[in-house]
Each structure stands twice: as structure tokens, then as C-alpha cells.
Amino acid sequence: MKIPVPDEILPADRLGRVHLVGIGGAGLSGIARLMHQAGVVVSGSDAHGSAVVDALRSEGITVHVGHDARHVDGVDTVIATTAAREDNPEIVAALERGLRVWPRSAGLQSVLLDKDVVAVAGTHGKTTTTAMTVMALREAGVDLTFAIGAEVAALGTNAHLGTSRIAVVEADESDGAFLVYTPTIGVITNIDADHLDHWGTEEAYEAAFAQFARRASVVLTDRDDLATRTVGFTDDARLRGHDLVIEGGGTRFRVSSDGADLGTVELAVPGRHYAQDALLGLGVGIELGLDPDAIIRGLARHQGAKRRMELVGSVGEAERAIRVYDSYAHHPSEIRGDLEAARSLVGVDQRLLVCFQPHLVSRTRLFGEQMGRELGAADEVVVMDVYVAREDPDPAVTGALVAGSVPLAPERVRFVPDRADVVPVLAGLARPGDLVLTLGAGDVTALALPLLAALAERGDGEG
């Protein structure tokens with residue numbers, strides 16, 4: 001549901017009682033935490049119970065499972081996820097009663113009005129770049145406010161209200177939300193056509209990022225036409241990474257700023273795309289006048305974010321262990337990056353098994369064939385049916401479109417439309433030493449633990 005941004009965004013302490021529809025999601029859970037820490041009376045609802053719902057309740061926030069008009073009784077402001085449907089009873093009741101009904105971007109902005117905002121935008125890598133930047137700034141002694149699109153292992157949360165003026169937030173472009181901000185520093189990780197169900201054309205999508213760049217005082221990106229400081233692994237980048245090495249589950253590279261050597265960055269996550277994310281985080285620290293050595297130490301402390309090439313667990317011993325990773329990747333470019341990273345973790349005699357769940361009918365219609373081609377980097381592929389989320393299903397657009405485009409032998413690609421069959425299929429395929437990667441922005445993540453349990457029940461991971 002598209003909810004317009006209000007003409008005037010009030011500070012959080014003037015919103016009265018706030019209710020968040022879809023509070024269990026990555027974006028709204030962070031806003032709820034920030035408002036709660038600011039002293040606002042907050043409640044929320046979500047369609048299902050979850051670990052996030054349990055955590056919010058433990059922090060003192062009232063959370064209802066299920067949606068009911070009674071949940072907005074006594075409420076002054078409702079903030080809703082874009083995934084909410086127009087007939088959501090809480091939103092319907094709020095509109096009928098004349099309450100403020102805001103999109104999540106306005107809710108977050110209400111907490112940031114007195115902050116110097118670093119807004120991290122881009123098609124891919126926003127969450128990781130935001131998380132790395134937060135880790136780096138904290139290591140440099142900054143008690144910053146932050147809102148990240150996933151829980152960060154080393155932080156134990158996705159949001160915190162700090163005492164300094166600095167705030168680092170993930171700025172989502174999917175519904176135009178990132179154009180609410182006027183950042184002190186704008187970061188653009190990359191631009192790769194997506195969310196065309198909202199933007200319509202690639203040109204409109206690209207123009208939105210140009211508008212975001214114009215709203216920022218400083219822009220860090222790898223593109224000359226948008227940046228005030230170019231950041232990347234090209235020879236002409238002002239903040240330049242070079243001598244990149246990916247091995248042993250980590251990444252190492254040297255970095256220089258305007259020709260001056262700043263030393264070596266070592267990351268605990270593998271992949272060239274993570275190196276670029278780290279460079280951008282370092283660039284933020286430099287723009288803020290912080291000690292580069294402290295920033296580099298902070299980057300080394302980043303252990304990953306929830307669902308970003310996250311090791312969920314393993315079954316078996318040493319090199320014969322079957323490892324299960326989980327990733328949010330859902331766009332062809334993201335699939336490519338994470339499969340490259342996964343390959344760096346797989347030995348010569350080991351295999352990469354991928355279980356991919358396409359996300360959104362509109363995205364699968366546009367990119368399904370490209371998704372399939374990128375999945376060809378795996379040894380075995382299982383494709384689930386489309387996670388439709390806020391959209392309506394289309395019988396002409398299913399996971400079969402993706403599976404049929406995977407450039408592997410037919411016996412190595414399986415379309416498994418019944419979710420209940422996926423774990424047995426994966427468990428039957430997995431052999432000692434394999435890496436299994438569950439991939440997608442839907443509920444495929446919920447299969448990782450049952451898969452580990454099935455493998456453990458089998459004994460020692462032997463197939």
C-alpha cells in the first residue's frame with residue numbers, strides 16, 4: 001500500500017501514541033526501538049509471531065499478533081509498512097478516525113530531525129554498508145544513532161538512539177522513501193534497475209538516485225557523475241582499494257586516499273562486494289574527520305548481518321561438515337555476488353547447493369531468466385515457487401521460469417513448488433563437505449534450521 005509522505009514531518013515527541021503496522025519487519029522494528037528509546041509510547045502489530053516480535057516485547061513494547069481495528073484505540077499516529085494491504089483493518093480504522101497515517105520513511109525521519117544524517121542508499125549492499133559504517137564509527141568512539149535493515153551480530157540489534165548528532169541509516173529506494181532525507185553524507189552503493197513495479201522504467205529509477213545525490217551535501221559512490229568523492233577499486237577513485245585477496249572466509253585489501261596509503265583492511269566476510277561496502281564505510285569516517293586507523297579496526301569487527309551470507313549452522317566434523325548459509329539476495333546481481341562469495345568457501349572436492357525462492361511476481365517476470373542464469377554458478381539448484389508478498393499470484397509467472405533458465409544439466413536443477421517438500425529434497429541432495437545456501441527475500445530463511453535438524457537426524461551429514 002502506498003502511503004504519501006506528509007507535508008510536515010513532526011518530531012517524534014509530538015506524535016502522541018504511535019502504532020506501527022508490520023512492526024516485525026526489519027524497517028519498522030528499528031523505528032519502534034528508536035521511538036521507544038526516545039520516550040514515545042509505542043505499540044505495534046504483525047501478521048505472525050517471530051523472534052523479532054519476542055525481542056520487542058522483552059524491550060517493553062506492546063506487540064499484537066494479528067491485525068484488528070481495536071489495536072489503534074487511543075492511538076494518535078499510525079506508521080505502516082509498504083507491504084500492508086489497503087484493507088488492513090488497522091489502517092482502515094485509522095483513516096476513518098482521521099489519525100495521522102505515515103509511511104515508514106516519515107516515521108524514521110521524525111527521529112532524525114535534529115541529527116546529521118548519513119543515508120546509505122543503493123540497489124544492493126545497503127544493509128552491509130550501513131552495518132559496517134556503524135561498527136567503524138562506534139570503534140572511533142562515536143555514540144551514534146543508527147537504523148539498519150537487519151540485525152547485526154556484533155551489535156545484537158538493528159537500531160539504537162545515540163547521544164551524538166550523527167545518525168547512520170539505511171535508505172530504501174523501493175518506494176521512493178529515500179527521497180525524504182536531506183543527508184549530510186549520502187552513500188550510493190550501486191545502481192542496478194529494480195523495483196520497477198514502483199518506478200516504471202529504468203530511467204526513472206536512475207533519476208531517483210540522481211535526485212537523492214542532489215539532496216546530499218556530500219556523496220560517496222563509485223560513479224563520477226554523482227560523487228563528490230569517488231570510492232572504489234578503479235585506478236582513478238579518490239578513495240581507492242587495491243591488492244584485493246579473498247581467502248579463508250575473509251577479505252583483505254589495501255586502501256589509499258588521494259594517493260596517501262591508509263594501510264590494510266581485513267574483513268571477516270568473503271567477497272569483492274563486501275570490500276566495496278567497507279570502502280564506503282571508511283569513506284564516511286574520513287568525511288566525518290575520524291581516525292582512519294580506528295575506522296579500519298571497526299571494519300574488522302564486523303561479523304556480518306542477519307541474512308547476509310549468514311552461517312546458520314553445520315552438521316558433521318571439520319572438512320566433512322555440511323554447512324548451511326542463508327542470504328537475502330533476490331536480484332540477479334546479488335545472486336551473482338553471493339554465489340561468488342560462497343564459491344570462495346567451497347573446497348576443490350566440495351559442492352555448492354543453492355535453494356532459491358524468487359521474490360515478487362513483478363520482479364520474477366522482469367528478471368526470472370537472469371536469476372536462473374546466475375544460479376548456474378552452483379553445482380545443484382533447487383528453485384521454490386514465487387514468494388508473492390504484497391502482490392497477487394500470476395499462474396504464468398512461477399519458479400519454473402527461473403528453474404528453466406538455469407544453465408545446468410536438467411538432473412541438477414529441480415523446481416519444487418510445494419514448500420513442504422523442499423527440506424527433504426535438500427537433505428537428500430546434501431553430501432559431506434557440501435555448502436548449502438538458502439537464498440531469497442521471502443520465507444526461505446525459515447527452512448535453514450529444519451534442514452540442519454534433518455541432516456542431524458540422519459547422523460553425521462552422510463548422504
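The backbone N, Cα and C atoms fix where each Cβ goes, glycine too.
Note that TrEMBL annotation is computational and uncurated.
Residues or ranges marked as domain 'Mur ligase N-terminal catalytic' in TrEMBL: 18-111. What TrEMBL records for 120-284 is domain 'Mur ligase central'. The feature ATP binding site is assigned by TrEMBL to Gly122, Thr123, His124, Gly125, Lys126, Thr127, Thr128. Taken from TrEMBL, the feature domain 'Mur ligase C-terminal' applies to 307-442.
In this structure, of the binding-site residues Thr123, Thr127, the smallest number of CB atoms within 10 A of the CB marks Thr123. For the domain 'Mur ligase C-terminal' (307-442), the mean pLDDT of the prediction comes to 91. Remark: His124 (ATP binding site) has Thr189, Asn190, Asp192, His273, His331, Ser333, Glu334, Gly337 as non-local neighbours, by Cβ distance under 8 Å and separation of at least 6 in sequence.
For the domain 'Mur ligase N-terminal catalytic' (18-111), DSSP puts the residue distribution at 40 helix, 21 strand, 33 coil.
Just so you know, the Cβ of Gly125 (ATP binding site) picks up 23 other Cβ atoms within 10 Å once every protein chain is counted. Residues of the domain 'Mur ligase C-terminal' (307-442) grouped by DSSP class, helix first, strand second and coil last, total 49 helix, 31 strand, 56 coil. Cβ atoms within 8 Å of the centroid of the Cβ atoms of Gly122, Thr123, His124, Gly125, Lys126, Thr127, Thr128 (the ATP site) belong to the same-chain residues Val120, Thr129, Thr189, Asn190, Asp277, site residues excluded. If you draw a 10 Å sphere around the CB of Thr128 (ATP binding site), it holds 31 other CB atoms from the protein chains shown.
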